[in-house]
Amino acid sequence: MKYLITIVGPTAIGKTALSIALAQHFKCEIVSCDSRQFFKEMTIGTAVPSQEELNSAKHHFIQNKSIFENYTVGDYEKEALAKIEELFEANDFVILIGGSGLYVDAILKGFDEFPEIDPNVRAEVNTNYEKLGIEYLQEQLKNLDPEYYQKITLENPQTLQNPQRMMRFVEVCIGSQKPYSSFLNLKKNNRNFTPILIGLDADREIIYSRINQRVDIMMNEGLLKEAETLYPNKALNALQTVGYRELFSYFDGDFTLPFAIEEIKKNTRRFSKRQLTWFKRNENTKWFDYSTDRNEIIHYIVENLKSSI
């Protein structure tokens, strides 16, 4: 039997350290499921594992793409599943570490298939978003797929404020001439592994404190310079994310630098709250306090393995 040990939790909670400890114990490799860490141009602002951490265990899907590539969750599902299957040929265990709930779900449950979209359609949607803002995307989705718009409004309203997701919805509607929702739940996905889900959590005050500290460290490590280098490409889909978006507003003259830094902290805290909301929907996840001794978590996994045999 093959086991995918999946580690989830909010940003800055300690998932990387735990994943390395588990990879070393089970003598296996790590597949990253953090959609922000795929891109090689984004290092500091995405908290990519350090070189020492990368050397401690073999990682996959870390800085393996460029921000200039169009890389969807469907692309990731296909590539990551192929890599996981390859790793299972040599080992009964693979570690999946996830901060991006949608991408974790794609691996564990499968994702719906969507048609190829003309790059010109994608570029036009991106340009209109840059000119008209998130309201343009919201209005487009409301007109092109009112059923799905209503579903998001009721079940996951924060998605309406997510430029990456909204641009994807709209480009599929326009490019396919069909509602986005018409492509959902059309296939059943089978997985040839057993997932073991581990969640890390902490009191909100601790999470927020760790986030604030991480942002300060990022700024000291050169996040401002990294964002400045990326600023000419600020309209790219991959850069519509916390940590960069706020500094782009500083370069635009809309924010002072101290205000931009506080916005990064605030928006990252909000992001962590959304992460927890998403991950806690899965009742099969075993949650541990972030300070739990790693041997206790390893013991839980080993006992879980015994019961599944």
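Heads up, the Cβ atoms here are built off N, Cα and C, so glycines get one too.
Annotated ATP binding site per Swiss-Prot: Gly9, Pro10, Thr11, Ala12, Ile13, Gly14, Lys15, Thr16, in sequence order, evidence recorded as sequence analysis. Note on Ile13 (ATP binding site): other Cβ atoms within 10 Å of its Cβ, all shown chains, come to 25.
Remark: Ala12 (ATP binding site) has Ala47, Ile207, Arg210, Ile211, Gln213, Arg214, Thr268, Ser272 as non-local neighbours, by Cβ distance under 8 Å and separation of at least 6 in sequence. As annotated by Swiss-Prot, substrate binding site applies to Thr11, Ala12, Ile13, Gly14, Lys15, Thr16, with the evidence given as sequence analysis.
The region 'Interaction with substrate tRNA' annotation in Swiss-Prot covers 34-37 (among others) and is backed by sequence analysis. Residue counts for the region 'Interaction with substrate tRNA' (34-37) under DSSP, split into helix (H, G, I), strand (E, B) and coil, are 0 helix, 0 strand, 4 coil.
According to Swiss-Prot, the feature region 'Interaction with substrate tRNA' maps to 164-168 (among others), an assignment based on sequence analysis. In the predicted model, residues of the region 'Interaction with substrate tRNA' (164-168) average a pLDDT of 92.
Under the heading site 'Interaction with substrate tRNA', Swiss-Prot lists Ser100 (among others). Cβ neighbour count for Ser100 (site 'Interaction with substrate tRNA'): 20 (other Cβ atoms within 10 Å of its Cβ, all protein chains included).
The feature site 'Interaction with substrate tRNA' is assigned by Swiss-Prot to Arg122 (among others), with sequence analysis given as support. DSSP gives Arg122 (site 'Interaction with substrate tRNA') a helix state.
If you draw a 10 Å sphere around the CB of Gly14 (ATP binding site), it holds 16 other CB atoms from the protein chains shown. Applying DSSP to the region 'Interaction with substrate tRNA' (164-168) sorts its residues as follows: 5 helix, 0 strand, 0 coil. Annotation for the binding-site residues Thr11, Thr16: lowest Cβ count within 10 Å of the residue's own Cβ, Thr11. Fewest other C-beta atoms within 10 Å: among the recorded positions Lys15, Arg122, that description fits Arg122.
A straight line from the CA of Ser100 (site 'Interaction with substrate tRNA') to the CA of Ile13 (ATP binding site) spans 14 Å.
The CA atom of Thr11 (ATP binding site) is located 29 Å away from the CA atom of Arg122 (site 'Interaction with substrate tRNA'). Recorded residues Pro10 (ATP binding site) and Arg122 (site 'Interaction with substrate tRNA') have their alpha carbons 30 Å apart, per Cα-Cα distance.
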